[in-house]
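K.L.:
Take this structure first; my questions come after.
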Amino acid sequence: MLQTDNLTAAQPQRIVAAQTASAQEELLERALRPKTLDDYIGQDKAKEQLAIFIQAAKKRGEALDHVLLFGPPGLGKTTLAHIIAKELGVNLRQTSGPVLERAGDLAALLTNLDPHDVLFIDEIHRLSPVVEEILYPALEDYRLDIMIGEGPAARSVKIDLPPFTLIGATTRAGMLTNPLRDRFGIVSRLEFYENRDLTTIVSRSAQLLQLDMSEEGAEEIAKRSRGTPRIANRLLRRVRDFADVKNNGTIDGGIADAALSMLDVDAQGLDVMDRKFLEAVLHKFGGGPVGLDNVAAAIGESTDTIEDVIEPYLIQQGFLQRTPRGRMATERAYLHFGLPVEK
């Protein structure tokens with residue numbers, strides 16, 4: 001039986017959260033994951049560049065240059081890493097920045113790589129400084145420099161490594177140190193998806209899950225998925241549950257709308273937490289500007305939750321502005337709630 005991961009937040013995971021909520025969800029994601037660049041939907045610019053770089057590396061018989069994938073969570077960075085390894089015809093070893101606590105943890109991974117293999121480090125911005133220092137010569141010269149022993153008896157040992165490709169993924173490229181960032185020869189930013197591509201992704205997932213779904217049903221799910229495939233696939237599974245009970249398993253536009261409305265996800269992809277925040281700015285503070293601490297106190301959320309979880313999507317979609325004087329609701333926010341626009 002699969003166990004749900006412990007979440008750091010005290011509140012339940014939002015259905016529109018871009019992070020993976022549980023081990024079971026991660027397992028389902030893997031089942032829906034495309035296996036080749038041709039199957040990968042969206043991110044056309046990144047795909048085109050990677051296809052050329054991969055073909056060139058294979059033609060020369062070399063390891064692919066180190067790759068940095070960055071962008072918001074849930075856009076397919078892990079999927080792309082697996083696809084790159086498959087397209088290269090090599091093995092992939094996967095880990096994450098917080099797991100690599102000591103230099104020996106990284107050394108154990110690197111010394112077990114075969115020539116041209118891919119090492120994928122998720123959340124690479126969370127590498128400890130000591131591990132990052134060990135990584136530099138490995139990336140530049142395919143060599144490990146490690147210290148054995150302590151005090152006067154300590155000595156440096158150099159270990160040659162096979163040529164390999166590091167793929168780093170991060171949601172916070174700005175937190176990478178300059179020396180680490182400069183060692184990536186290929187840098188790709190993943191963007192939020194257009195509704196058109198999300199509709200295709202939802203339709204593909206429905207086929208893999210053997211669901212009876214109309215084009216309108218796929219479009220309804222896509223437009224509420226906040227530009228994020230992970231959210232789209234999660235909403236699809238919840239709509240499937242609703243359709244199984246209410247409509248003999250058939251998902252059309254009306255069923256998708258009813259299911260998502262029941263889940264409090266509106267037509268713009270906003271959930272209860274988003275609306276609670278915007279309504280506080282609009283009704284309690286006259287649309288702003290208002291300081292972050294005041295809004296946090298008004299809605300009973302921490303400032304960290306507001307900055308990291310609530311605000312990014314609202315700003316990206318044009319519902320909110322951050323100004324030197326505080327947060328301000330935009331014209332789009334007024335219109336969304338049917339309020340007269342403040343002049």
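The backbone N, Cα and C atoms fix where each Cβ goes, and this holds for glycine too.
Copying in the features that Swiss-Prot gives for the protein in this structure:
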- 4-193: region 'Large ATPase domain (RuvB-L)' (REGION)
- L32, R33, G74, K77, T78, T79, E140, D141, Y142, R183, Y193, R230: ATP binding site (BINDING)
- T78: Mg(2+) binding site (BINDING)
- 194-264: region 'Small ATPAse domain (RuvB-S)' (REGION)
- 267-343: region 'Head domain (RuvB-H)' (REGION)
- R322, R327: DNA binding site (BINDING)
K.L.:
Compute the C-alpha separation of G74 (ATP binding site) from R322 (DNA binding site), stating it in Å without decimals.
P.N.:
24
K.L.:
Among L32, R33, G74, K77, T78, T79, E140, D141, Y142, R183, Y193, R230, which the record lists as binding ATP, how far apart in Å are the two most distant Cα atoms?
P.N.:
37
K.L.:
Please name the residue among the binding-site residues R322, R327 whose C-beta has the most neighbouring C-beta atoms within 10 angstroms.
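P.N.:
It comes out as R327.
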K.L.:
Among L32, T78, E140, Y142, Y193, these being the binding-site residues, pick the one whose CA is nearest to that of R327 (DNA binding site).
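P.N.:
Result: the closest of the binding-site residues to R327 (DNA binding site) is Y193.
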K.L.:
According to DSSP, how is the region 'Small ATPAse domain (RuvB-S)' (194-264) divided among helix, strand and coil residues?
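P.N.:
Final tally across the stretch: 51 helix, 4 strand, 16 coil.
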K.L.:
Given R322 (DNA binding site) and Y193 (ATP binding site), what distance in Å do their CA atoms have, once rounded to a whole number?
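P.N.:
Distance (Cα to Cα, whole Å): 24 Å.
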K.L.:
By the count of other Cβ atoms within 10 Å, pick out the sparsest of the binding-site residues G74, T78, Y142.
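P.N.:
Counting other Cβ atoms within 10 Å of each of the binding-site residues G74, T78, Y142 gives the minimum at Y142.
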K.L.:
Can you tell me the three-state DSSP label for R327 (DNA binding site)?
P.N.:
strand
